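Working notes for the structure below.
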Amino acid sequence: MRLSSILSSASSLFLASLAVAEGASDVIDLTPSNFQSVVNHESIMLVEFFAPWCGHCKALAPHYEEAATALKEKSIKIAKVNCVDEADLCQEHGIQGYPTLKVFRNGTPTDYTGPRKADGIISYMIKQSLPAVSAVTVANFEEFKKADKVVALAFLSSSAEAPGPEFSATAEKHRDDYLFGISTDAEAAKAAGVTPPAIVLYRSFDEPQTTYPYPISSANVEELEGWIKDLSVPTIDEVNAENYMVYAQSGKPLAYVFLDPTDSRKDEIIETVKPIAAENRGHINFVWIDAIKFGDHAKALNLPEAKWPSFVVQDLTKQLKYPLDQSKDFTAENIKEWTDLFNAGKLEPQLKSQPVPESQDEPVYNLVGKEFEQIVFDDEKDVFVEFYASWCGHCKRLKPTWDSLGEKYSTLKDRVVIAKMEATENDLPPSVPFRVAGFPTLKFKPAGSREFLDYEGDRSLESLVAFVEENAKNSLDASVPVHNQSAPPVLVDQHHDEL
């Protein structure tokens, strides 16, 4: 299939919505009788395994139809399997949830890892249909550079010329994410206004054309992918379920502007922040977010009032939050000052904490953020903590067992603490070398140590007790006084700055 045929008018697919025609669908229905003959015949095909009652499937349906109509022009077919009617077929393909999307190449499936909106599905499948690196000439240069939201194009004298091999390796690594091309056509370079060797990034947003600014002959995969990733997100964009992982996986701090989308000043507010976002590109990602729809997320980031616009920087790696005081005016000056202080390391994270309980009469210690360091880093005690969420079903099932564990050691509270902390209502201090990523999370800190041990066994009382007895530094024999024990000294490395 010719490249020009695949990419012809592709830019319009991303810039305009395609009306889904009433009547016959462009999505092919697959059953056991036609699955093999249809799927095996296609060099590439997208198949959705769905259930009619599934809410996520219903939300996907119009986008899937729209993508099918658009991709039909590119000879890329889209199909679906009703897993209620064709349960055996879905079981044969290992379907465990809905919707599940798979890309088939001549009948061989791989997981679909792209977006779930129409333009994202179109973009992903076009990239999947092309080689990792496409050959570009002056004849298809104009259409190729507009064929996706982010297009990386290397202009070289030959594909073997540096950084051709490194560029190709980058393309292989990120073929699902971006469109890559190499041109050895002097006329194409002339049309682009560059002198080989050069790498140009074309985007459908912000500055449409950016040339690689560093020494190109020595560029390696890490440098190239870092440069492309930094430029692959807009200076400031709306963050939602579709693109959040792009920001989360970058590892960079995320600066949120919480907005009421019905506010007549919305565009003006975004423009106010844009120069600050541009100044911090590559260091902090800036986004705006629907404060009405995601009000709970604002509270999770320690913005207590429903007052918009509001601003907060989150260190995604350490899960630390730096909200700008909502009593301050939302001005460019205040946003810039806050961002500069964050970059300089001069801000203290705001740690959310429930009130310290007035009493601790239960066998399990009710731990809150304000006293985490005082309780957990007590070198005289072994501490076993369950990090839970009130809504978590697994946590609810663990509760009676955890209470029994606390009861077992209730006479040894001077040496063993069995604790629990509601992790959605209490933040961990920066001194803690881990973040809670799921519930329940069980961590054990031996007395006199700064190391946290993960509990990964089964959730039975017997296994939990065995874990405590194996790892506790204190004697669990009540007849042995605590003061007769010699806990190992805490070693302090003056040059260690990890925490």
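From the backbone N, Cα and C atoms, a Cβ is placed for every residue, glycine too.
TrEMBL assigns the feature region 'Disordered' to residues 478-499, out of the candidate ranges 258-279, 324-345, 456-477, 478-499. Checking the candidates C54, C83 against TrEMBL, the cysteine paired with C57 through a disulfide bond is C54. On its own chain, C54 (disulfide bond) has Y98, P99 as residues at least 6 apart in sequence with a Cβ closer than 8 Å to its own Cβ.
One residue stands out among the disulfide-bonded residues C392, C395 for having the most other Cβ atoms within 10 Å of its Cβ: C395. A Cα-Cα distance of 25 Å separates C57 (disulfide bond) from C392 (disulfide bond).
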